[in-house]
Amino acid sequence: MVAYHLLTLISLGLGSHCASALQYGYNQLSTHKDSAVVAGAFPAINGTHLQSPAFTSPGTVPRGFSDGTSGPTRDETMEGFMRRLARSNSWMAYHEADFKSEEGRKFPYMYLSASNSSVENPSSRKLRVWLQGGVHGNEPAGDQSMLALLGDLAANQKWAAKLLEKMDILVLPRYNPDGVFYFQRYLATNFDPNRDHIKLARQQTRDIKELFARFSPHIATDMHEFTAGRTFGPKRDIIYAADALFSAAKNLNIDEGIRQLSEELFAKRMGKDIEAAGLRWDPYITLGESSSSKLLLLEAGTDAKIGRNAMGLSQCVVFLCETRGIGIAGQHFERRTLSGLVMAKSILQTAVDNFDEVYNTIERGIRRFTNSRNDIVLSDKSPVMERTFGMLNITDASLFDYPIDFATTTPAEAVLTRSRPRAYLIPPSWPDIVKRLEVFGVKADKLPYSYVGPVEALNVTSVTFDKEYYEGVVTTTVETKLVERNIRLPAGSYLVKTNQKNAALAFVSLEVRTLYPF
């Protein structure tokens, strides 16, 4: 069998991102608050005491939060809150990343540890947990739930100590400070930060990815919100009833044992914890297109350009956690933030309660993946099944289970596979490709000698360009033919071996037959 795979690329020299109806800054959605009838189905939860700025210091909340033109917590308020917690708790360390946002804003984060560990020097035999919020700037319960978690840990010292016996935690509450400032989904440059995890078009994405790769977490969580008022049904009179939607990473190049741990242990516990808090949940979904009259919902996909899967491809347990909030301004904000907090706490508590199983399963999964000779998955499909989904009737606020077609990815089914290359060869004229791989934490060796020998290569036999820009590029559909050939590459070429922990990120980036490669 041929040992190496030659990377050949089509380069597209394109200008800036082009998207209709976007301006520079303040790309805000219209606000459609729940009616009094619908709002009655989302009451405040008795006994809720959230320890985050929007609730402990309500005077700091901007007026625009109530009408959907601002988030509830300005950068300086958030930073002051985090600094005060760090001053009062020796196990909390306040940091500012050594990079800035596209408009020059800071990235404060908290490192929580009971030892003298750090991002670059973590504790041995402890779980490393990465928690992030605020990826989309108009989803304020995402970062607020992270701040509420920090406040909850500070207020419950025994619980915090119990967690930190088993884990070190990095909390990046605000991934997209420019988006939060403009109260818009996008980065300042109007790129979607949650679609940039493979192509790495923006320096901000690369900087955060490098921090993530250095920390190399066992567990990661990405906090978001979903649209509250989207209607369905023949009369357009039903909406999602859930407070929370969540999903594990689904890409089939993540070790199967890690994926099963996510679904069988973490997801099941999370559902129970959400219900115990008096809240409602369902799996994360998007709307599908169907030729029938039946509603088709698509379970969270396997696409690597999404943060959940991109993080998971570093062989860790990852959850996307979404709360019901886009489009309703500050309505139900306590309940929304509580929903995010419950999910984050569930993940932490599940990991601690099952520490040996979680730690050993992930570490074994990393070793198994690193040494695997199994085929890699280039494309997959989602089997469609019948099930019900929790809905709410907007005319009377009745809750009911609505029959749907459900395209499931638990698990997805592999369609196109190929034998796992031992390595990829990259000519010295493509150092920018190598730099992107290194952002992922993928190691590339620079060869001090010329390479002469057999490789597998893909000859492109046809190319079809899309008619529109997508996130700054024109996407391309190619047909290829696999050929074996002898090549000569000069010294200074790069060898990317696949017996490394983050190799799956090389697979999805370099294999042209995956969905969104370089």
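Backbone N, Cα and C atoms are what each Cβ position is placed from, and that goes for glycine too.
Feature annotation from Swiss-Prot assigns signal peptide to 1-21. The N-linked glycosylation site annotation in Swiss-Prot covers Asn46, Asn116, Asn393, Asn459 and is backed by sequence analysis. Annotated region 'Disordered' per Swiss-Prot: 53-76, in sequence order. Per Swiss-Prot, the feature domain 'Peptidase M14' maps to 71-351. Annotated Zn(2+) binding site per Swiss-Prot: His136, Glu139, His224, in sequence order. The active site, proton donor/acceptor annotation in Swiss-Prot covers Glu322.
Location within the structure of each feature annotated in Swiss-Prot.
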residue	record	contacts (Cβ under 8 Å, 6+ apart)
Asn46	N-linked glycosylation site	none
Asn116	N-linked glycosylation site	none
His136	Zn(2+) binding site	Gly142, Asn176, Gly179, Arg185, Tyr186, Asp192, Pro193, Asn194, His224, Glu225
Glu139	Zn(2+) binding site	Arg185, His224, Glu225, Gly325, Ile326
Glu322	active site, proton donor/acceptor	Met223, His224, Glu225, Phe226, Ala244, Leu245, Phe246, Tyr284
Asn393	N-linked glycosylation site	Asp237, Ile238, Phe400
Asn459	N-linked glycosylation site	Thr480, Lys481, Leu482, Val483
Averaged pLDDT, computed only over the residues in the domain 'Peptidase M14' (71-351): 98
DSSP-assigned states of the region 'Disordered' (53-76) in counts, ordered helix, strand, coil: 14 helix, 0 strand, 10 coil
Residues close to Zn(2+) site centre defined by His136, Glu139, His224, Cβ within 8 Å: Gly134, Val135, Gly137, Asn138, Gly142, Arg185, Asn194, Met223, Glu225, Glu322, Ile326
Cβ-Cβ neighbours of His224 (Zn(2+) binding site) (radius 10 Å): 25
DSSP state at the residue listed as 'active site, proton donor/acceptor', helix/strand/coil: strand
